[in-house]
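Straight from Swiss-Prot, the features:
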| type | residues | note |
| --- | --- | --- |
| MOD_RES | THR2 | phosphothreonine |
| MOD_RES | THR2 | N-acetylthreonine |
| TRANSMEM | 41-61 | transmembrane segment |
| BINDING | HIS118 | chlorophyll a ChlzD2 binding site |
| TRANSMEM | 125-141 | transmembrane segment |
| BINDING | GLN130, ASN143 | pheophytin a binding site |
| TRANSMEM | 153-166 | transmembrane segment |
| BINDING | HIS198 | chlorophyll a PD2 binding site |
| TRANSMEM | 208-228 | transmembrane segment |
| BINDING | HIS215, HIS269 | Fe cation binding site |
| BINDING | HIS215, PHE262 | plastoquinone binding site |
| TRANSMEM | 279-295 | transmembrane segment |
Amino acid sequence: MTIALGKFTKDENDLFDIMDDWLRRDRFVFVGWSGLLLFPCAYFALGGWFTGTTFVTSWYTHGLASSYLEGCNFLTAAVSTPANSLAHSLLLLWGPEAQGDFTRWCQLGGLWTFVALHGAFALIGFMLRQFELARSVQLRPYNAIAFSGPIAVFVSVFLIYPLGQSGWFFAPSFGVAAIFRFILFFQGFHNWTLNPFHMMGVAGVLGAALLCAIHGATVENTLFEDGDGANTFRAFNPTQAEETYSMVTANRFWSQIFGVAFSNKRWLHFFMLFVPVTGLWMSALGVVGLALNLRAYDFVSQEIRAAEDPEFETFYTKNILLNEGIRAWMAAQDQPHENLIFPEEVLPRGNAL
């Protein structure tokens with residue numbers, strides 16, 4: 001597309017058409033209408049994260065050091081959530097908490113809400129970008145549909161879960177070690193690993209990795225030898241029009257291995273799309289359930305028997321005790337303002353409940 005220069009005719013001077021022509025023209029980096037949402041939001045989200053991990057402390061919200069300036073490294077630095085006392089405040093820079101003071105805003109955890117909200121809209125903008133480009137080149141929108149999986153997980157974990165709890169404080173902070181701590185929190189307080197939605201998510205992600213490895217290896221194994229090169233990258237012509245591997249050979253191979261095999265490429269690739277995306281959707285649905293404090297599987301009969309019989313123990317009862325230990329330690333550590341003091345009789349001991 002090009003922009004017409006000179007005097008516009010009656011049909012050409014519409015501002016929308018001018019903007020559409022400029023936004024969607026063919027260039028090295030496509031902008032598009034989705035770019036109006038994607039690029040500013042991604043810029044602010046990444047900029048806020050780099051600023052927070054470099055300079056901003058979490059002393060006032062978590063009692064922690066969380067920046068490179070304080071001695072953290074890439075794995076331990078984080079943009080931390082606001083304090084529990086700030087509940088679900090958007091923590092706008094000009095709001096009643098910070099009152100326009102940038103330093104105070106950073107100390108209160110304003111960068112977390114800034115990064116979380118801009119990050120969510122950046123991800124949505126990226127999905128819209130895939131929709132827009134697919135429509136422009138007349139493709140179906142399955143890329144965008146697939147990307148809805150990561151968006152669902154991000155929104156459920158960083159936004160919906162803390163909205164269901166008492167504040168942003170209970171969302172993950174943006175950092176590697178901080179995410180690990182959040183995972184331990186999920187296990188201790190929600191028994192997340194025994195949640196069926198988590199199980200479906202694990203099956204989806206690991207199943208997708210297996211499918212990806214099998215698919216890649218099978219295609220490599222059945223490449224036509226179109227050249228005399230010994231390796232994959234020299235054994236075919238990158239400009240050839242015809243197919244480079246044999247679906248028939250692959251089908252025969254896996255039919256002999258498993259007794260069943262994919263009979264056509266559409267079903268094969270749809271399955272590779274379906275498995276991970278469904279797993280991510282199920283995980284997101286499970287986190288929404290946790291926001292409402294829905295419980296995972298409870299095997300109460302085993303708990304009662306373990307409490308009555310010191311010689312009876314299962315991996316389940318051991319994990320329940322581990323969860324109690326996590327809760328007893330994390331609650332007092334993470335929420336000192338609650339003055340949580342646990343008497344000895346409520347702390348885990350042996351295999352009794």
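Glycine is treated like the rest: Cβ placed from N, Cα and C.
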When neighbour density is defined as the number of other C-beta atoms within 10 angstroms of a residue's C-beta, which of the binding-site residues GLN130, ASN143 has the lowest density?
ASN143
Among the binding-site residues listed here, HIS198, HIS215, HIS269, which has the most company in the form of other Cβ atoms within 10 Å of its Cβ?
HIS198
C-alpha spacing of the residue listed as 'chlorophyll a PD2 binding site' relative to PHE262 (plastoquinone binding site), in angstrom:
28
Restricting the comparison to the binding-site residues HIS118, ASN143, HIS198, which residue's C-alpha is spatially nearest the C-alpha of HIS269 (Fe cation binding site)?
ASN143
Where, among 125-141, 153-166, 208-228, do we find the most CB pairs under 8 A to the transmembrane segment (279-295)?
153-166
Pairwise Cα distance for GLN130 (pheophytin a binding site)/HIS198 (chlorophyll a PD2 binding site) [Å, integer]:
28
Counting every protein chain present, what is the number of Cβ atoms, excluding its own, within 10 Å of the Cβ of PHE262 (plastoquinone binding site)?
19
Cβ under 8 Å, sequence separation of at least 6 from the ends of the transmembrane segment (125-141): give me the contacting residues as numbers and ranges.
24, 30, 32-35, 37-39, 41-42, 147-148, 151
Tell me, which binding-site residues from ASN143, HIS198, HIS215 are within 10 Å of HIS118 (chlorophyll a ChlzD2 binding site) if we use the C-alpha atoms?
none
Reduced DSSP assignment, the residue listed as 'chlorophyll a PD2 binding site':
helix
Once the DSSP letters are reduced so that anything not helix or strand counts as coil, what is HIS215 (Fe cation binding site)?
helix
PHE262 (plastoquinone binding site) - helix vs strand vs coil (DSSP):
coil
